[in-house]
Amino acid sequence: MESKENIAKHEAAEHAPEPSRSKPTPLFVSYAVQLVVRFALLCAAVYLFVTDREALSPSRTFGLPGGFNFIDLVSIALAADFLTKFFVRAPISSGSLKQYRMYHIPTAITFKGGREGLQAQFQYIADLGKRLAEEGRTALSETLAALAERGGSIVSFARRLLNNVDFLNVFSFDEKDLAVDKSLRAVLYRDRTREIVPVIVFWIALNVIGAVTLHHFGVLNERTAILWSLIYFVFDMICVVFWCPLQLFLMRNRCCTTCQIFNWDAIMVATPLVFVGGWFGWLLIAMALVILVRWELAAIRHPERFDERTNARLTCAQCEDKLCYLRKPLAAKVPRADLRELLAADEDRER
C-alpha cells in the first residue's frame, strides 16, 4: 500500500493547475489573419467559378481599363505576398529572412577561433552596446539642452538622436569572421540536398498529374488555373499555422525557421499560372522565379545561413517567431547529427 505522503503527492499532482499556455506572438497572429483572408479569397473564387464564368478569366478582366474586379484583387494579393520576400526588414518569419547576412549569428563551429573567439566577439558586442548606450544618453542630454535653448522642433530632436546611434552595425559579424571551408560546405550541401530533392520530385509529380487529369476532363483552362493557384495560396499558410506534410513526410526538418524551401512558396503558388499566361500570369511567374533564384543563390553561396548548427539565430533559444504555437517542432523526433562528427567521418572515408 502507498504511504499517506505518496497518496497526498498524487492527489496534489492531479489537482495542480496545468501550466498556462504562452500567448501567440504578433507574427503568428499576423499569419493566422493572413490564412483567414486567403481562405475568404478562395471561397469567393469558388463562388465566382460556379456563378460567373467571366469573373475568373484574366484574359478578359485583368487590368484597370475594365474596372477594378476580382482578378485585380487576386493579383494584388499575390504580388503583395511575393514582394515581402524582397525586403530584408519585412515583418515575416526568420525562415524567410535567414538568407540575409544580418540574420546570421555564427556558432562555435563556423566562427574563427572556435568557442573562445565567439565568446570574445560577444564580449566585444556587449561592450559596444554599453558604449552606444552611453553615447545615446550623452546625445540625448545634449539635444535636450540644445532644444531648451533654441526651441527646436521634435523632428530635429528625433533626427539628431537617430543619427547618433548606429542600429545596423550592433552585431558586427562579417564574412571575414567566419571559417566555413570546403569540407563544411560539402556537409551542409549534402544535408540540404537530402531535404529538398524529395520535395522537387513530389512537386513536379503532383502538378503533372493534376494538369493531365484536368486536361483529360477538358477543364484545364485559365479559370481552373486561378482556382488551383488560390488553393496553393491557402495551403501555403496552412503549412505555416497548422500542419505541413512536406515537413513531416519529406524534409523532416525541425520547423518553419529551419525550412530549406521557405521561400519556394512563391513559385509553388505561381506554378498553375503557366496555364493562365498573359500579363497576369507571366508577371507573377517572373516575380516568383526571381525570388527562387535569389533564395537558391544565397543557399549555394552561404549554406551556413540556412542550418541551425551553423546559424544560432535559427535555434529554438533564439527564436522570436514561435510559429510552432499550434504544432510542435520535430526537434525531439528528428535529432540533427553533429557537424564535427560528420566532418570527421568524411575525413576517414577520404583516407
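Cβ atoms here come from the backbone N, Cα and C positions, even for glycine.
Going by TrEMBL, these are the annotated features:
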- 1-21: compositional bias 'Basic and acidic residues' (COMPBIAS)
- 1-23: region 'Disordered' (REGION)
- 28-50: transmembrane segment (TRANSMEM)
- 70-88: transmembrane segment (TRANSMEM)
- 196-219: transmembrane segment (TRANSMEM)
- 225-246: transmembrane segment (TRANSMEM)
- 267-295: transmembrane segment (TRANSMEM)
Mind pulling out the one from 28-50, 196-219, 225-246, 267-295 with the most Cβ pairs under 8 angstroms to the transmembrane segment (70-88)?
267-295
Could you give the residue numbers and ranges of same-chain residues that sit at least 6 residues beyond the transmembrane segment (225-246) on either side and whose C-beta is under 8 angstroms from one of its C-beta atoms?
28, 31-32, 34-35, 38-39, 41-42, 45-46, 49, 56, 58, 71, 74, 77-78, 81, 93, 199, 202, 210, 256, 261, 265, 268-276, 281, 323, 326-327
For the transmembrane segment (28-50), give me same-chain residues lying six or more residues beyond its boundaries with a C-beta closer than 8 angstroms to one of its C-beta atoms, as numbers and ranges.
56, 70, 73-74, 77, 91, 93, 223, 226-227, 230-231, 233-234, 237-238, 240-241, 321-323, 325
Contacting positions for the transmembrane segment (196-219) when only residues 6+ beyond its ends and CB under 8 Å are counted
228, 246, 250-251, 260-261, 264, 268, 271-272, 275
